[in-house]
Amino acid sequence: MTTTNRSKKPEGEPVGIALLGFGTVGAEVFRLVQENADAFAHRIGGPVEIRGVAVHNKNKLRPGVPEELLTDYAKALVLRDDIDLVVEVIGGIDFPRELVLAALNAGKSVVTANKALVAAHADELAEAADRADVDLYFEAAVAAAIPVVGMLRRSLAGDKIQRISGIVNGTTNFILDAMESTGASYEDALAEATRLGYAEADPTADVEGHDAASKAAILASLGFYTRLTFDDVYCEGISKITADDITAANQAGYSIKLLAICERLVDEETGAESVNARVHPTLVPKEHPLASVSQSYNAIFVEAEAAGSLMFYGNGAGGNPTASAVLGDVIGAARNIVHGGRAPGENTYANLPIAEFGEVETRYHVDMEVEDRTGVLSAISGVFARHGVSLRTVRQEDGDATARLIVVTHAAKEAVLEDIVAALGELDEVKAVHSVIRLGV
Ligand code: HSE
């Protein structure tokens, strides 16, 4: 066996892979590595071999997987001398964190699809990868097959990202799209998403925006070279969106989408920059490309200083699309093991301050039930005016005893809008503030 100067492995010796997890994604990764062994060897410059598969229950039948590869002792597999690369597709946070850290500390490169782990512990994981001089890849953690992590890490590394607006959760996009296209209630659309297998038995992480918030933290960290974790992301889900909200949005020329928005803010007076990441239902003008993203598809709209606007669209979940992203990372990491070197890691050199959500400026669509009599409009517009917020449009629909008033504002800070909603709630003329939905992109 010979070893080149740059190589980390004797020529021709396979890169040994430990696969942690054998669910929908793990099974696809396993199948594709077996079926494409020759092609992958050419693309890498040497063979790869899955040498162990860690599962919860090794007695469960797994057709096509040799029994001797299965183990229920994941930590021992990770630490084995013949393992060079660990692929983590288990999910959760604490157990995979322990395994991924053990792998990195033992000098093994890691590929993970685990957005919750990366969004919560990226600093710790990146430091361990740097210390060991190995790769830590996580393309599949955001929008599966859509190559958005690589795009931010490599393709746009010479540009300056201003804003990223993404539909990064397929379940919620399916629900909102079903509500818009069929007039269904939120509850009925969620039931349909569950029946079709999009929504989990416990849909909380999707519908309350937590899954999208993890992805927003990852995108913002990469785009702004500043560490943001899950806890830094303001998060509001779709469970309060009603069929009425969808109809009102449609009538005004908008679709409602759950957007993950990562934004660079610039102080007008000082020029000082900060960043913010947030997830909330957003009114998207029908003519914007994000409005036409239907069913469970994902899309990420990136605005960069030199590149201008870019949009990436495709399958953001599922066994095959996620396995595609995992395998792209496997090939990248294996190539570095064979030829030497490391992929561009995470870099948080800019370390920009994270702006409070209250400082973010947005336009708002405020839907109220009001008394239908003289002076009501002036009382309501007075509340906005006293807070320095100008109104863009006002629409009234007559009801029986009351009227529905829909106000769209010009840009205002979140903190100011919160005060306005509180003040509206105290007016006798306002019977209820039904919804406040932000306008975006
Ligand atoms: N549950 C996610 C979605 C996929 O619905 O898009 C995994 O992040």
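Start at 1 and count along the chain as shown; that gives each residue its number.
Here the Cβ of each residue, glycine as well, is placed from N, Cα and C on the backbone.
Record features, source TrEMBL:
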type     : residues                                               : note
BINDING  : Leu20, Gly21, Phe22, Gly23, Thr24, Val25, Gly26, Ala27 : NADP(+) binding site
BINDING  : Lys115                                                 : NADPH binding site
ACT_SITE : Lys215                                                 : active site, proton donor
DOMAIN   : 365-438                                                : domain 'ACT'
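Features recorded in TrEMBL, as mapped to the structure shown.
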| residue | record | Cβ neighbours (10 Å) |
| --- | --- | --- |
| Leu20 | NADP(+) binding site | 26 |
| Gly21 | NADP(+) binding site | 25 |
| Phe22 | NADP(+) binding site | 24 |
| Gly23 | NADP(+) binding site | 13 |
| Thr24 | NADP(+) binding site | 15 |
| Val25 | NADP(+) binding site | 26 |
| Gly26 | NADP(+) binding site | 26 |
| Ala27 | NADP(+) binding site | 20 |
| Lys115 | NADPH binding site | 25 |
| Lys215 | active site, proton donor | 30 |
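Looking at Gly26 (NADP(+) binding site) and Lys115 (NADPH binding site), their Cα atoms lie 16 Å from each other. Excluding Leu20, Gly21, Phe22, Gly23, Thr24, Val25, Gly26, Ala27 themselves, the residues of that chain whose CB lies within 8 A of the CB mean position for the NADP(+) site are, in sequence, Leu19, Glu28, Val29, Phe30, Val89, Ile90.
Look at Thr24 (NADP(+) binding site): DSSP puts it in a helix. Using CA atoms as reference points, the recorded positions Leu20, Gly21, Phe22, Val25, Lys215 were checked against Lys115 (NADPH binding site), and the closest is Lys215.
Confidence across the domain 'ACT' (365-438), taken as the mean pLDDT and rounded to a whole number, stands at 94. For the domain 'ACT' (365-438), the DSSP-based tally of helix, strand and coil residues reads 24 helix, 34 strand, 16 coil. Each residue contributes its Cα atom, and for Gly21 (NADP(+) binding site) and Lys215 (active site, proton donor) those atoms are 21 Å apart.
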